[in-house]
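Student: In case it helps, TrEMBL gives these features for our protein:
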DOMAIN    8-95  domain '2Fe-2S ferredoxin-type'
BINDING   CYS47, CYS52, CYS55, CYS77  [2Fe-2S] cluster 1 binding site
BINDING   CYS117, CYS120, CYS152, CYS154  [2Fe-2S] cluster 2 binding site
DOMAIN    256-441  domain 'FAD-binding PCMH-type'
BINDING   GLN795, PHE826, ARG940, ALA1107  Mo-molybdopterin binding site
BINDING   GLU830, ARG908, PHE942, THR1038  substrate binding site
ACT_SITE  GLU1289  active site, proton acceptor
Amino acid sequence: MAPNQAGDELVFFVNGKKVVEKDVDPETTLLTYLRRKLGLCGTKLGCGEGGCGACTVMISKYDPFRKKILHHTANACLFPVCALHHVAVTTVEGIGNTKSRLHPAQERIAKSHGSQCGFCTPGIVMSMYTLLRNNPEPHMEDIEDAFQGNLCRCTGYRPILEGYRTFAKDMNCCGKVANGTGCCRSGKENTMNGGCCGGKANGPGCCMNGKEDSVTMTSSSLFNSSEFQPLDPTQEPIFPPELMTQSNKQLKQMCFKGERVMWIQPTTLSELVALKSQYPNAKLVVGNTEVGIEMRLKNFLYPVIIAPAWIPEMNAVQHTETGVTIGAACTLKSVEEVMRKAVADLPPYKTEIFQAVLEQLRWFAGPQIRNVAAIGGNIMTASPISDLNPVLMASGSKLTLISKEGKRTVTMDEKFFTGYRKTIVKPEEILLSVEIPYSKKGEYFSAFKQASRREDDIAIVTCGLRVLFQDGTSRVQDIKLSYGGMAPTTVLALKTCKELTGRDWNEKLLQDACRLLSAEMDLSPSAPGGMVDFRRTLTLSFFFKFYLTVLQKLSKSGAKTVCEPVPSNYISATELFHKDPIANAQLFQEVPKGQAVEDMVGRPLVHVSAAKQASGEAVYCDDIPHHENELYLTLVTSTKAHAKILSIDASEAQSVPGFVCFVSAKDVPGSNVTGIANDETVFAEDVVTCVGHIIGAVLADTQEHSRRAAKAVKIKYEELEPIVTIQEAIEKKSFFKDIKRINKGDVKKGFEESDHILEGEMYIGGQEHFYLETHCTLAVPKGEDGEMELFVSTQNPMKTQEFAANALGVPSNRVVVRVKRMGGGFGGKETRSTILTSVVAVAAFKTGRAVRCMLDRDEDMLVSGGRHPFLGRYKVGFMKNGKVKSLEVSYYSNGGNSVDLSHGVMDRALLHLDNSYNIPNVSSVGIVCKTNLPSNTAFRGFGGPQGMMIAECWMSDVARKCGLPPEEVRKLNLYHEGDTTHFNQKLEGFTLQRCWDECLSSSGYHARKKLIEEFNKQNRWKKRGMSIIPTKFGISFTVPFLNQAGALLHVYTDGSVLLTHGGTEMGQGLHTKMIQVASRALGVPTSKIYISETSTNTVPNTSPTAASVSADINGMAVYNACQTILKRLEPIKQSNPKGSWEDWIKTAYESCVSLSATGFYRIPEVGYNFEKNEGKPFSYFSYGVACSEVEIDCLTGDHKNIRTDIVMDVGTSLNPAIDIGQIEGAFVQGIGLFTMEELRYSPEGNLYTRGPGMYKIPAFGDIPTEFNVSLLRDCPNSKAVYSSKAVGEPPLFLSASVFYAIKDAIYSARKDSGLTESFRLDSPATPERIRNACVDIFTKMCPSAEPGTFKPWCVRV
């Protein structure tokens, strides 16, 4: 029975081409194969764990069981190449390209501005393409569901949905009709306030005028869908006919042997059973969505893998007398289809359990995982937080097991799971099928799940709850309550169930059940996973929802014993989550009449790389073809937060195949000292000061080998006491010196004059950048004079060059850094990219060979640091009417183990402590804590959001204390034109009041506020809240000399222009804007201008692309270079005024006139002195206001974003599509910061959240259902190029409106529990924090353990 040794042939198709592979390593994933072997780099690596969708491809196969061709999406990063036999793979390159034609799925995402950095775009395109292959006329809901497994960090998702809505059959309507407010088909953009766009507030150009006023025409269309090519399903590539004929032939068992793993694919059940008795410890793999992650991230090794996907019995579905039997190899997608059909065909009383399965599958991972993962794998993985196991357990599903001994059937009950990830299934047994029973008359079933994010997330607590009543009564005959996430296994609440049997379903039963459950479902306060109070409360909340749901169903069924009806204000607690279709409007000012058609400034020009990004042709750092003899590098990092290194032993690594060498501090030819403040090292030498501190690196011939070798390096430590949290740093006085203060006025006097004084504090958690493309560097040594070329994904070519040259011991002129584009940056690649680049450069120097490294997501999140967590303490004095008189505030930030940019971040926080409010007396201090965490760094907003968040915290406290509406108190305290800030800068061109008034009117604030109050009166367990928040963001680097930029312009004799400037492109559309600027300045069409890359050998000494000023300073430098060329062309133009641009250039060349020019610009008069509190830190300010409405579920802590309206002042927009894209992208990133994203560390300083599995960024479903963005009209800005304004960072803080809307909703919930005083809500407002703040009878049954009496699983850093 041993597998044949001949070496089997794997046959599959990629983009219509046949591939035959003999020696395949079972550890190779489809992604690796596509990128390395076939050179198809359109499919991207984003996370390597199936959590981001960047690697999505379409898998097509002929299903012999169903006799049809099936197309589905899959994550190439998990899909084993061995599982591809007789399968056709389609990648983004296979459906269209810019050379011939784009597929409509590619064209529409590009033209609707749905691709910014473009790294996630190929995966999103493939999700859409696959949906269209299966359903050429989808509904909008199908489109939204198709993207559950795709993430994007740049766009805020709206433009993607907007562009793809054009495929929907319900497309011709904007979807607003579902929300009851004006639909787009009524001819006008209607919004809440009687259907005016709010333009009236500014006089000219209101949408209701019918005829647009000529002064400022407002447009709401960023793209014209009539230009899109139609979708023609007949033009799609055909399924390879060879694979159709193959399906009739008898399959034979296949076997592939790799270096460490053997893959066996049997074809019959008897072969499988024999193999499992021969290899009892072999893993059975269908989708590889669990084993793939264990082997890659948890370092597990399974030497034998058996793939049962071809076995007919394991794919069969049978309807029996008692239920539906599903083969263990059936995918979750097929289970869903079977259940959906059963629910449609059978009477409702029989399908209670099936409906619960469907409800759990609705939020189970993403489609890419559901399409390949098998139900048997989900059961046998035995995860304590499995979404399906509680349903199967509570319903008493039966499992059929098979082995050499024969078959046996076991019920999934409390005995099935024997321990963490262990079951009663014996090693030689195989799970053959699972039978899910029909429900009976008088039987009711519910399933609930609560996670950090609704889409594609693992559960915090999940449950299956079942009750059976005695015939025609409301007396319990049998009850089963099964929970996941409350123990190391899925558990049944046996004691509670026993007590409730025979009881009547009434209020008394509810009280007893909750009392019993809170005792039985207890958790140790240091339980793994943390969130102990939340998890305990959820078990009760879920039972309460179940109790109400059953009550409702009983009253409808007409049971004999009458139960009390569900109170009307409780009914919403039983409703399952439902999301309305998205609706939105973007309003911007049209270009003035008479602007030349080829002048693109102010028009919504599509991102210049969008089409290349959508077709997978855009080249990112890791897409650069491999060099001869290139090596791959993997970092070796510290596992201790603070320790002495005693020894490093790389001997075991040397035995890994392909190993070349180990690099560490002794290999650095130049200086090992590095970092912005020279307080870091390239490699740690004697001491490590954080988990993830780089100690060394391993070089090998492939990534797999270097990864294995790095894990084999053994390091011995002597542990030292770590400082992890801000609290510990304050106690131990561990601070970086240089403590900044800003003082203004007389604070003491201010407090004496105040009617009220409030004190409080707020904590704001950090944030991981989660750019889709991790840090990546390719170093190519040139072999002479120490020359080296570095291809890097960085925002800061200058520091990258300087630090690498320093480490190599050569002058900067020997090192060239080249940046084509980044797959996102957000500040994370401003300085921290250098820690990797210097290591790779040293390795390339040592070996003399090209060296490449792209960090895995878990390494990237571990080593690179993120946004600074902040603790703010405040004391505020104010009058009865809410006018603030005096403020004392201290900010503490967690800087990590080195200075990096922490002082700059703190400076900006202090400069924004006022947000937009005029405070006469201020005393403030900012302290950076030195801790044993990886150094925190720049992140969009750079301290500004943290500073302003604390201002809004005390502002909302002040409004509560005065008992006044918060919007009135905010408005009362706003600055006015000509006021001076606390840092003594005069506000000029202050448009915030206009933004405020326009936002109030366009959002219909006051009318909606009344509706919300009404809603909250009628609903006890669902609450709505609304908040309007302003922002003022200072534009400039706070380090004065960084406010400079250069440009280089070449005009070639054919009239084409090559432009280079100091900024890098990371998706923000900088290159697009620079082309628009040059096009207007030179008076040539944009098609004649090209930007290839940013490099240190074209524009030297560039400032990092950061602080939102890149378009301002580089735009002026480009403009300056254009003026130089135009000046030289002047005499030529005068002598030939009717000539074309090409004529003039040809003449200039022949007249020996230089056609190359540099440009330079610096921002004038910027500089501030903290000691004297004088000078001008900012060139100007960007302003904006947002109003958001949310709904929270008081029982689970879930919230949904109902609507957001933003009014933003971006001056005269250079490109409204890009600017609106930046506003939406920043806003959604802020939703992550303030409501979802939580970095979790152990008390020892070890990061738990190392990938999208545990760290949740907003997904498609998290954006506001109605999302309106309006650019303020008629507000030119004299301080920047073509009257524009900076837009990258300012809008991020506006998402605080969501946070304070949540807080508003929680107030309403607390009021119903009799609590009216103000309360503390730290950021982010996760489901855990929301639920714990909604104090009620259930939270009181789960009291917290005393802090200090236990060791928590995770700490707040």
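Each Cβ is built from the backbone N, Cα and C atoms, and glycine gets one as well.
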Student: Since the record lists GLN795, THR1038 as binding-site residues, which of them has the fewest other Cβ atoms within 10 Å of its Cβ?
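Tutor: Taking GLN795, THR1038 as the binding-site residues, the minimal 10 Å Cβ count falls on THR1038.
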Student: Could you count the residues of the domain '2Fe-2S ferredoxin-type' (8-95) that DSSP puts in helix, in strand and in coil?
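Tutor: So the domain '2Fe-2S ferredoxin-type' (8-95) is made up of 15 helix, 31 strand, 42 coil.
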Student: Could you check which of the binding-site residues (CYS47, GLN795, ARG908, THR1038, ALA1107) sits closest to CYS120 ([2Fe-2S] cluster 2 binding site), going Cα to Cα?
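Tutor: Answer for the nearest of the binding-site residues: CYS47.
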Student: Counting only residues 6+ away in sequence within the same chain, which have a CB under 8 Å from the CB of CYS117 ([2Fe-2S] cluster 2 binding site)?
Tutor: ARG153, CYS154, GLN613, TYR771, LEU772, GLU773, ARG821, MET822, GLY823, GLY824, GLY825, MET1066, GLY1067
Student: Specify the nearest of the binding-site residues CYS52, CYS152, PHE826, ARG940 to THR1038 (substrate binding site), where nearness means the distance between Cα atoms.
Tutor: ARG940
Student: Please report the distance from the Cα of CYS55 ([2Fe-2S] cluster 1 binding site) to the Cα of CYS152 ([2Fe-2S] cluster 2 binding site), rounded to the nearest angstrom.
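Tutor: Just about 13 Å between their Cα atoms.
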Student: So the record assigns GLN795, PHE826, ARG940, ALA1107 to Mo-molybdopterin. If I measure every Cα pair among those residues, what is the longest distance in angstrom, as a whole number?
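Tutor: Pairwise Cα check on GLN795, PHE826, ARG940, ALA1107 gives a maximum of 12 Å.
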Student: Would you count the other C-beta atoms found within 10 angstroms of the C-beta of CYS77 ([2Fe-2S] cluster 1 binding site) for me?
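Tutor: So the Cβ neighbour count for CYS77 ([2Fe-2S] cluster 1 binding site) comes to 28.
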Student: Same chain, not part of GLN795, PHE826, ARG940, ALA1107: whose C-beta falls within 8 angstroms of the C-beta centre of the Mo-molybdopterin site? Give them in sequence order.
Tutor: GLY825, GLY827, GLY828, GLU830, ALA938, PHE939, PHE942, THR1105, ALA1106, SER1108, GLY1288, GLU1289
Student: List which of the binding-site residues CYS47, CYS52, CYS77, CYS152, PHE942 have their Cα within 10 Å of the Cα of ALA1107 (Mo-molybdopterin binding site), in sequence order.
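Tutor: Passing the 10 Å Cα cut: PHE942.
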Student: Distance between CYS77 ([2Fe-2S] cluster 1 binding site) and GLN795 (Mo-molybdopterin binding site) at the Cα atoms, whole Å?
Tutor: 27
Student: Applying a 10 Å Cβ distance cut-off over all chains shown, what neighbour count does PHE942 (substrate binding site) have?
Tutor: 30
Student: Which of the binding-site residues CYS52, PHE826, GLU830 has its Cα nearest to the Cα of the residue listed as 'active site, proton acceptor'?
Tutor: PHE826
Student: At the level of the C-alpha atoms, what whole-angstrom distance separates PHE826 (Mo-molybdopterin binding site) and ARG908 (substrate binding site)?
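Tutor: If we compare the Cα positions of PHE826 (Mo-molybdopterin binding site) and ARG908 (substrate binding site), the gap is 16 Å.
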Student: What are the other residues, in sequence order, whose C-beta lies within 8 angstroms of the center of the C-beta atoms of GLU830, ARG908, PHE942, THR1038 at the substrate site?
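Tutor: Near the substrate site, the remaining chain residues are LEU901, GLY904, VAL905, ASP907, ALA938, GLY943, GLY944, PHE1037, ALA1106, ALA1107.
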Student: Reported as an integer number of Å, what is the Cα distance between CYS52 ([2Fe-2S] cluster 1 binding site) and PHE942 (substrate binding site)?
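Tutor: Just about 26 Å between their Cα atoms.
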Student: Spatially, which candidate from the binding-site residues CYS47, CYS152, ARG940 is nearest to GLU830 (substrate binding site), comparing Cα atoms?
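Tutor: Of all the candidates listed, ARG940 is nearest in space.
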Student: Sorry to bug you, but what's the C-alpha spacing from ARG940 (Mo-molybdopterin binding site) to ARG908 (substrate binding site), rounded to the closest Å?
Tutor: 12
Student: What's the CA-CA gap between PHE942 (substrate binding site) and CYS152 ([2Fe-2S] cluster 2 binding site) in angstrom, rounded?
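Tutor: A Cα-Cα distance of 21 Å.
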